[in-house]
Structure formats: structure tokens, C-alpha cells
Amino acid sequence: MQIDKKDIRALSKIQLRDFFVANGDKSFRGNQVYEWLWSKGAHSFEDMTNVSKATREMLENNFVINHIKVDTMQRSEDGTVKNAVRLHDGLVVESVLIPTNTRTTACVSSQVGCSLDCNFCATARLKRMRNLEPAEIYDQVIAIDKESRLYYNHPLSNIVFMGMGEPLMNYNNVMKAIEMITSNEGLGMSPKRITVSTSGVPKMIKKLADDDVKFNLAVSLHSAIDEIRSRIMPFSESFPLAELRESLEYWYKKTKSKISFEYVVWKGINDDKASIDALVKYCKYVPCKVNLIEYNPIDDGEFQQASQESINEYIKALEAAGIVVKVRRSRGKDIDAACGQLANKEA
Ligand code: SAH
């Protein structure tokens, strides 16, 4: 009878050391294998060349390594790379490498599909199929790091959790993945180079603050008026802006780290003066900067990018209030790799 073998990367280092001791080996063997699994990114037990054949066979009999597989890789004319990533159970997620002159950023997924229902986002149409495991998130980063070295001659410099899914609805696994990414036993990357983006789940934002995390937080705001926000992001009806604001104030008090608001301006939705005033007011409560992001159409007539004049009005009002505002141009649009476009079209 075929027994379902456990993914060896679900074991902590201590558990792995204990496993070897229980099997009559030295605990040191656990360290060796752990290093292969994480910092050396082994895809199979065979890769572990300094481990004896007998040990490798023993591992093979007891465990699997559910490594991701990059199924297809598309390269945009602007240099953006999109990976369609096949998981061990056949499901697919996408991750993106975004190069600039000075750095490369990995945009990674945290769920297959998404728990939330933002009307302007292609990923929301997929619904949530399951959460990604810590190793599946980690593997996406490793794959992009390799591509960064190959195409841009330097290691990955930043990571944003802005791919598929809502990271705070897969809290523990995202935290574990970040722990490995930042640990010297993994990638050893500084948490300052990592940004977790959330649609805004107040309870979980407070939990992040309580857990004393050192990475950056971005919130997809899109409107500072409850009626509008809950129309375009229906889940947010359960999380009114006042409650979100309170959680962000809590975050800042604990972490002293400024929040980035992601904000798209759409024609006839939030391009009016009341919307601008509401955003400026909201930003006064929470130390933040605002990223105005370009809308990437997803075949939905309801949403259209606002005019440049409306965007200029936002910039003028925010700057006048002393709030840092940046306009973010889309990257990788030609290969459906831009914000909100990840929808497994090729899979
Ligand atoms: N669920 C998290 C992580 C996804 S990040 C979050 O919402 O923050 C993806 C970002 O792209 C979010 O800021 C989202 O609001 C934005 N986005 C979604 N659809 C978009 C679209 N069609 N054009 C531009 N940005 C979009």
C-alpha cells in the first residue's frame, strides 16, 4: 500500500535532528540535511552529495520534497519575468521578477487564488483554492533569485507579497516563509527589503505589530470612504475604515514603520474631490506614503483608469498636506504580469 509521505520541509531543524537520532544516526546529520533543504535549495535527496547513499535512500523511503516546478517562464519587453509555478498537487500560482536599473524585486504569491473579492482584480475571480505552504513561498523566491542572477547578474534585492492571495489570511505560513527568507540558514535577506501587502484585515495587522515583525507593510486602500470601498472591495464591509485606521495606528505605535497605501484612481469611482479629501484626512492619522498605481484593465467595463488631470489633483492635494506620494507605472503588462492581472491564463 502506498503511504502518503510527509514533506520533509515541514520539519523544523530540531525535529529533523531528532529524526536522525531516533534512527540511530547523529543529530549533526539533521543539520547537514537541513542545509541542503533550505540554503542549498535541493530538489531531491539525490542532490545531497555529502550524505551517504544509505541515508539518502532512508530519507527517500520516509519523506518527499514537494518542490515547486517553474512550468513556464515568460519575459516581457520591459524585462519583467513571470513564472507559472506548478505545485506538487498540480495547482498553479504565479510569481514575477521586476527589474529596475538598480535592483530586482520578486513579487510572490501566498495563496492559490484569493480569499477576497476585489472587483477590479483578476486573481479574485479564481477564488481561494488553498493556502501555500511556507516552502512553496520560499521556493518562488529562490526561483526568482536564480533568474535575477542569470538575467541581471545580481541576486534578488527585494520581495513584495503582492502576487496572488491575501498574505494575512495565510498568516502562519507567510510568517514561516519570511523567517526562512531572512534566516542565515535560508537566504539571509534583511526584512527591511520585504513588503507584505494586505487588503486590510485589522485583527491581523495588530497581530503583526504584536509579533514585532521587521518587514514593511503596504495596505491596498483604494478609497477612504466606506461606501465606495465596500462597493469595490466587498469583503471590506466587515472591516470599516475606522477599524482599519485604528489597527494601522497600533501598527505604527509598535513598529515605528510607515505604511504604504496602494491606491488606484478610477474614472467615476474615486476621482472626485470628496475622495481626495477623504484620503488626505485618512493619511493624517497614520504616518504613511501613498503609491498611486496605474490600473491594469481586466476585461471589466466598470473600471477605467482616471484621467491624468484627476491623478494630478490627488498628487497636488497629498503633497500640499506634506504626504509623500509616488506614481507607480505598471510593469509586465504585455505578459499579464502587472498588479491584479495574475490569473493563471497560461495554465
Ligand atoms: N491581497 C493583497 C496582496 C495582493 S497585492 C492586497 O490586496 O494587498 C496586489 C495589488 O494590486 C493590490 O494593491 C491590489 O489592490 C492591486 N490591484 C488589483 N487589481 C488591480 C488592477 N487591475 N490594476 C492595478 N492594481 C490592481
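Here the Cβ of each residue, glycine as well, is placed from N, Cα and C on the backbone.
The shown structure was predicted, so the numbers you read here are calculated from the model rather than taken from an experiment.
Features of the protein shown, as given by TrEMBL:
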| type | residues | note |
| --- | --- | --- |
| ACT_SITE | GLU94 | active site, proton acceptor |
| ACT_SITE | CYS339 | active site, S-methylcysteine intermediate |
| BINDING | CYS114, CYS118, CYS121 | [4Fe-4S] cluster binding site |
| BINDING | GLY165, GLU166, SER197, SER220, LEU221, HIS222, ASN296 | S-adenosyl-L-methionine binding site |
| DOMAIN | 100-334 | domain 'Radical SAM core' |
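Structure coloured by features recorded in TrEMBL.
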| residue | record | Cβ within 10 Å |
| --- | --- | --- |
| CYS114 | [4Fe-4S] cluster binding site | 26 |
| CYS118 | [4Fe-4S] cluster binding site | 20 |
| GLY165 | S-adenosyl-L-methionine binding site | 29 |
| GLU166 | S-adenosyl-L-methionine binding site | 27 |
| SER197 | S-adenosyl-L-methionine binding site | 22 |
| SER220 | S-adenosyl-L-methionine binding site | 24 |
| LEU221 | S-adenosyl-L-methionine binding site | 27 |
| HIS222 | S-adenosyl-L-methionine binding site | 25 |
| ASN296 | S-adenosyl-L-methionine binding site | 20 |
| CYS339 | active site, S-methylcysteine intermediate | 27 |
For the C-alpha pair, I'd like the distance in angstrom between GLY165 (S-adenosyl-L-methionine binding site) and CYS114 ([4Fe-4S] cluster binding site), rounded off. 4
Expected list for ligand 1 (Cβ under 6 angstroms, recorded positions GLU94, GLU166, SER197, LEU221, CYS339) reads GLU166, SER197, CYS339
Cβ neighbour count (within 10 Å, all chains shown) around GLU94 (active site, proton acceptor): 26
Over all shown protein chains, what is the count of other CB atoms within 10 A of the CB belonging to CYS121 ([4Fe-4S] cluster binding site)? 25
Cβ within 8 Å of the [4Fe-4S] cluster site centroid (CYS114, CYS118, CYS121 excluded): which residues? LEU116, ASP117, PHE120, ALA122, THR123, ALA124, SER199, MET233, GLY340
By the DSSP assignment reduced to helix, strand and coil, which category contains SER220 (S-adenosyl-L-methionine binding site)? strand
Averaged over the whole of the domain 'Radical SAM core' (100-334), what is the pLDDT? 96
DSSP on the residue listed as 'active site, proton acceptor', three-state: which is it? strand
Please report the Cα separation of ASN296 (S-adenosyl-L-methionine binding site) and CYS339 (active site, S-methylcysteine intermediate) in Å, rounded to an integer. 7
Binding-site residues near CYS114 ([4Fe-4S] cluster binding site) (Cα-Cα within 10 Å), from GLU166, SER197, SER220, LEU221: GLU166
Can you give me the Cα-Cα distance between SER220 (S-adenosyl-L-methionine binding site) and CYS118 ([4Fe-4S] cluster binding site) in Å, rounded to a whole number? 10
Can you give the largest Cα to Cα distance in Å, as a whole number, for the residues GLY165, GLU166, SER197, SER220, LEU221, HIS222, ASN296 that bind S-adenosyl-L-methionine in the record? 19
